[in-house]
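As recorded in TrEMBL, the features of this protein are as follows:
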DOMAIN    A:7-518  domain 'Cytochrome oxidase subunit I profile'
TRANSMEM  A:26-46  transmembrane segment
TRANSMEM  A:66-87  transmembrane segment
TRANSMEM  A:108-127  transmembrane segment
TRANSMEM  A:151-177  transmembrane segment
TRANSMEM  A:189-216  transmembrane segment
TRANSMEM  A:236-260  transmembrane segment
TRANSMEM  A:272-293  transmembrane segment
TRANSMEM  A:305-330  transmembrane segment
TRANSMEM  A:342-364  transmembrane segment
TRANSMEM  A:376-402  transmembrane segment
TRANSMEM  A:414-439  transmembrane segment
TRANSMEM  A:459-481  transmembrane segment
Amino acid sequence: MSNSAASSKSVIWDWITTVDHKKIGILYFLTGLFFFAVAGLEAILMRIQLMFPEMSFLGEQTYNEILTMHGTMMLFFAAMPIFFGFMNFIIPLQIGARDVAFPFLNNLGYWLFLFGGIILNVSWFTGGAPDAGWTAYAPLSSNSPGHGVDFYVMGLQVSGIGTLMSGINFLVTVINMRAPGMSMMRMPLFTWSSFVTSMLILFAFPALTIGLLLLMLDRIFGGAFFDVGLGGNVVIWQHLFWIFGHPEVYILILPAFGIFSEVIPTFAKKRLFGYTAMVFATLIIGFLGFMVWAHHMFTVGMGPVANAVFAVATMAIAVPTGIKIFNWLLTLWGGRIRFTVANLFALAFIPSFVMGGVTGVMLATSAANYQFHDTYFVVAHFHYVIIGGSVFGIFAGVFYWWPKMFGYRLSEAWGKWFFWLFLIGFHLTFFVQHFLGLMGMPRRIASYLDGQDLNDLNFISTMGAFLMGIAFILLVINVFISRKNTTNVNDPWDGRTLEWSIPSPVPHYNFAQTPLVRELDGLWFEKMNGDGRMKAAEPLDEIHMPNGSILPFFIALGLSIASFGVIFTSWIVIIVGLLVTFAAMFIRSIKEDHGYHVPVSEIKADQEVEK
Amino acid sequence: MAQNEAITPQILPPNPEKATLEGRNKYLAFWFFLGGETVLFGSLFGTYLGLRSSTEGGPGPADLFHLDLVFIMTMILLTSSLTSVFAVINMKRGNFKMLLVWMWATVILGLGFLGFEIYEFYEYAHQGLGYGVSAFASSFYTLVGTHGAHVTFGVLWITTLLIRYRKSGITLTNAPKFYTAVLYWHFIDVVWVFIFTVVYLLGVGG
């Protein structure tokens, strides 16, 4: 990868200031993977605490903190950033673009996410992490002593701003930056599902912003929103949180649906069955995702009418999801299936996710929900959909796109060990939790008593968690030992979409000439009906590229400084932080930067190297 | 209008704010952003509606609000939206000088609105409506204050643009910037119309 503008600067400076969507994607991806490992370790600590009855491994307070951090980190700082990594890296390649619509905002989004994660984790060293659960229900959160919940509020607020920006960025990228011929109904399913995901981010995150704002005002600035003595109402938090929180779970699953819709056709050597139905099912899921938030609140006391309406709306989501499941099955039907690691994860996803979906319909039955609510049955349900759906999707994407992202193939043999250990460990951990829940074990408790028939199943569950931990270590080893597999990386899977039509590693300008897309699965069409390469939509010419910038780093840094000011109630620090942010924004506003041009000679030289 | 001196020598397309890909991206992204802002204010309105009767013995809407003051504020803000429309019309005509004049008028009206709002909050605080007195007080100050913060940001933003581009003429780079700033200004104007109805009219009459 040669970059005439950046070659004179140091590597670290280049990565901090980069506006290249591929580098930002890799930053998101690797940071997310790191946070995934941290949050996974927290899960294992919890399972050790619950291995035997009345264990004193962690202690109640530490258990609550680890429980809160596991949930918060996994959702906001592991799963979402890893998907953002894929979306950043893959969307522009799949639609034949040279970058996202707003490279500067893209960089800013990453730094806001990273600083948000750092703020959240600093809490471990300043007297205790947040301890009110990832849902932070008031008044537990508004009355929680210490600074823990303040770190939760500010960390999520800072990273949430970044997420919102990235969502808008992807929306505009998909609408405005598509190559000639790439109509909306020719877009690969991963791009489509990322588009709907971005829509959900746009309309869901502001509700969280307000929820966190109210919590901050109550805890730090003397507000009375959740103070019942002053007329406050704690249910407002639950509504705001779930108006955000339910779309959030679709934000986590839709990109995974997209990945499976890429992986399954590729490894079945068949075009995706029912493409149009898939697109509309995705849109319907996205829409219904906003209509069902109160099913998290069946036991709050909303009354039978509200409960019934939200129960029916929730069950309706099973219809578009079912359409998707059958379309994947029919794509496989009669296909020439290759059992690569990516495809194994996709195949394992279908039954695992269906199990999570079935327990979801059970939970949606509002009358029965009184029995399931706040038991391990719920824990089993959402781990089946999040691990069986999102995490399997992530791992399928890891093995599928690794050659494109990093220029080498992961070992299939090690990958298969990883897959089987992870799959068995996952079911071992969470299948038994259904029964623990039905037997009455409440969630979010640090211990349980002996002699209640909970011992064996808890022990089995912990063993499964260990197995998943070992499996993850195999993945990390795989990443390091496979680095020499640099042959056959441009199109290792006989791919169907545009990202496989360009070299790996991808040149920084992506496409030497903007491709002309003639059909759905554009590259496959050219393989069948053309010469196997994309036709160019423009003559070879100079390419206009944006310049990197250090300003996003300072915008995010200023907000983080201000966050610490809020947490420790120091007006000076707040003002200094905001000044840094607004100064950087001011400079950005008044300094016009028109980017630079990649000369034709450099593009030609790259093409020579490729041959 | 002295059009001859204001028209820039560069020949601009009829819609300079959407003539480049960057301009179109900004335009579309800003509409999306306003969609998100709608949810943001919607959440605040919902919170306010849930808590507006929770005065807990403290002063309530009927004790505090004076519709004459709020009516003046509404008129000021609506007029500022009108002046920003004039600015955009002049941008499309290529009349840069009048664009600047009308934008400055918008800024001044915005500052006037903010002055009244600060006076209003000061007055309510004197009448015993501290921020943490009741859930009504917190939700009122948060909803109206968030709107006020948006006005403040808009004033600073437009002022920055006006000073930065005071001599540049209309270009394909700054046209989208002025245009999105005006879109933002209309949005906070619309939000105020809802605040006027939901907070003040309902507070006094309902």
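Using the three backbone atoms N, Cα and C, a Cβ is placed for every residue, glycine included.
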Segment confidence, the domain 'Cytochrome oxidase subunit I profile' (A:7-518), expressed as mean pLDDT: 95
Contact yes or no, the transmembrane segment (A:66-87) and the transmembrane segment (A:236-260), 3+ Cβ pairs under 8 Å, gap 6+: yes
Contact yes or no, the transmembrane segment (A:414-439) and the transmembrane segment (A:342-364), 3+ Cβ pairs under 8 Å, gap 6+: yes
Contact ranking winner - A:108-127, A:151-177, A:189-216, A:236-260, A:305-330 against the transmembrane segment (A:376-402), Cβ under 8 Å: A:236-260
